[in-house]
Amino acid sequence: MMKLKVYADRMSQPSRAVIIFCKVNGIQFDEVLISLAKRQQLSPEFKDINPLGKVPAIVDGRLKLFESHAILIYLSSAFPSVADHWYPNDLSKRAKIHSVLDWHHTNLRRGAAGYVLNSVLGPALGLPLNPKAAAEAEQLLTKSLSTLETFWLKGNAKFLLGSNQPSIADLSLVCELMQLQVLDDKDRLRLLSTHKKVEQWIENTKKATMPHFDETHEILFKVKEGFQKRREMGTLSKPGLQSKI
């Protein structure tokens, strides 16, 4: 049987979630780099796998699948080595996980990714910085963090939905928030420091997926260091996007 192939760029939040999930659960796979900076996601070869030209994507036998949440659900169901807590057999628990994942797409992801892209990361991908779009994304991110703090992280549980073990939703959302690492430290702390439950939940998810979590995020940490050096040298524009709108 052919080994699973994962097409990914580790600078992509959902790509990292899929890679970490495979590593934590002992799923053997070949990782194929699709460089977003080089726009390889738009190549004819990759579009044969995902016509939408986005990472991550997988090929498992004859199956070609894209969209990270669909991939995580498929892997949870297809590989016996995956522990039940990632995507429980209990249908009510599954439905609640789906509710978090659906919320994520139009709330936390739009806010976090939009803010990082438009305030810092855009030029690395050939896109201009957009302060207006960044400010709008920051408003959504702030609202989403408050919703995480007060609704999705219930009681004293370590993970989403009152669970004491992580699900695919925890991994997906935490990988999203890790993208904030490329921000200036003061800016990142300004966004996160008032959300103590969120900060602890991020740490809980990291610990539950070590050492694979840090290993998969190494490229992000290197990019963070590069941005910080450029800030110190004065060659990188500061976000300067304190919420005043």
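For all residues, glycine too, the Cβ spot is worked out from N, Cα and C.
Listed in Swiss-Prot:
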- S12, Q13, Q41, L42, K54, V55, E67, S68: glutathione binding site (BINDING)
- 2-83: domain 'GST N-terminal' (DOMAIN)
- 90-233: domain 'GST C-terminal' (DOMAIN)
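Candidate binding-site residues: L42, V55. Fewest other C-beta atoms within 10 angstroms, L42. Taken residue by residue with DSSP, Q13 (glutathione binding site) is part of a helix. Looking at the residues that bind glutathione per the record, S12, Q13, Q41, L42, K54, V55, E67, S68, the two CA atoms farthest apart are separated by 18 Å. The number of other Cβ atoms within 10 Å of the Cβ belonging to E67 (glutathione binding site), over all protein chains shown, comes to 16. Sparsest Cβ environment among the binding-site residues Q13, S68 (other Cβ atoms counted within 10 Å): Q13. The residues of the domain 'GST N-terminal' (2-83), classed with DSSP into helix (H, G, I), strand (E, B) and coil, number 30 helix, 18 strand, 34 coil. Mean per-residue pLDDT, taken over the domain 'GST C-terminal' (90-233), amounts to 96. Annotation for S12 (glutathione binding site): same-chain Cβ neighbours under 8 Å, separated by at least 6 residues, are L36, V55, P56. All chains included, 19 other C-beta atoms sit within 10 angstroms of the C-beta of K54 (glutathione binding site). In sequence order, D9, I34, N50, G53, K54, V55 make up the list of same-chain residues 6 or more apart from Q41 (glutathione binding site) whose Cβ falls under 8 Å from its Cβ.
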